[in-house]
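Peer 1: First, the structure itself, so that you have it in front of you.
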């Protein structure tokens, strides 16, 4: 940047001074500058970014220096394409399209130090369905060299970013198909020579950022904590300095938000009207950088869908301006528009529940429960059995089943399953890397049909016949169940087919997750067995991590040691009292003795304690197993 042959460093008489800030977000927004000649400069020169990337042709990278080869893309509608036949049907395979006018030698660019660099676009087909942090960490774990993704973004269904040298691109090429997603599909990584990303081409120089700060200081009203950036590109001071600040460019928006974050994070009102914004992806960081923002003016821009507001929905806005955007044209008239957005279930109120004014119109007060006190859920009810006979049958079955299940050798469960039994396991959907989850031991067998769409895999994960079921159960981690935590519900019953579920907690007793507490729900469908017991025909097991409350309650009351008769050291009077208490309370001898001992063998006080605890539902079902 030059002005009559002078470099920027020669203009020492013009400075921008900031107040010293020990912590971000404190102090006024003040810039002090002296008088002097305005320096001139040119910002944003070079290739101007288009709104949508123009694509033409499908290419694949063989070596970093090779030219692009045309590859057949089964999803394209363009005729007269030649290429390879479709292969690897079980893999995600979508090719990447190159820019319509690639630079010579593909991807050459110039760094700030003047050296030439090769740029490459990295594309992950269907990458939008993956979390950014998980995706990049998985790629980095498989890549032989460390890399820095530049301008990571989602475009349609794809995830894309840039790297700046051929060796990194080659290393990323080697990661292709080496990562498995949560549905056991291999992730494709396509490498493409590319022009330098727009953030590099259009990045503001340090001296231009200083000028931007100066202009923004003039537009800031400290008394209202309001910043007016209306039509910023046409600001006379910026125009006179030949600085092109286009807020729909990622680099310019990032620079602007950085200035706000460093100087006025306490900002309450921001006017971004008439800046030709057509998407808000680059504004998403405003939620963290300006958390107190109450008023936002986006009028006179080019937003086409209210879905763009999802990018900033974390803001606690009270006033929003959207008129003059294409999204408003979908409503026939202003009254229809206002009626459509004031409803609690409307698109805008869903994103900004505290909104009071829209385009200057007062909205009805939001219907919301803005109460800091936590909502108390009703207490969970105890077990439900229907009849005493069924209760005795089910509790006896569960006692036998889990005694074998926790014994270390589950082969004894063969007698508990029907020859044609089936069994499945599910764990909740894990947004982060499943392999690093504490439930990793269960992940490979999880048949969560909400996330698992492949019918072949669904069928394979369903265990059929009692031999396969018990073999599968033997592979699961060894456990110890807290029988005192069990809550049993009989949801359906016929004379020959009871269906019941049991909820509770258990801990793993060996392996990497030893002593880890899990919560489970298990649903059994059974038929009568020849030994007057039950025989399982369907077994569904759901496992998750235990909540903090479940962890606190788990194994708090140790189960009594099973015994068929009272401890022989009891006196004849105590044994007589024990038999009477067991008969009247319905509890077995072990729990009856525990209740009497806890109350110093005072029969009346023991009866009162029993009645009180039973009314509160604090006596476990195991106490009534005889």
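Even glycines carry a Cβ here, placed using N, Cα and C.
From a predicted model like this one, the values you see are computed outputs, not experimental measurements.
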Peer 1: If you check Swiss-Prot, which stretch out of 33-66, 67-100 is marked motif 'Nuclear localization signal'?
Peer 2: 67-100
Peer 1: Please identify the range among 2-60, 238-296 that Swiss-Prot labels region 'Minor non-specific RNA-binding'.
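Peer 2: Comparing 2-60, 238-296 with Swiss-Prot, region 'Minor non-specific RNA-binding' matches 2-60.
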Peer 1: Checking distant contacts: for the repeat 'LRR 1' (266-291), what same-chain residues at least six beyond its ends satisfy Cβ-Cβ under 8 A?
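Peer 2: Residues 25, 51, 153, 224-233, 246-250, 253-254, 257, 260, 297-304, 308-309, 311-312, 314-316, 321, 324 contact the repeat 'LRR 1' (266-291) from elsewhere in the chain.
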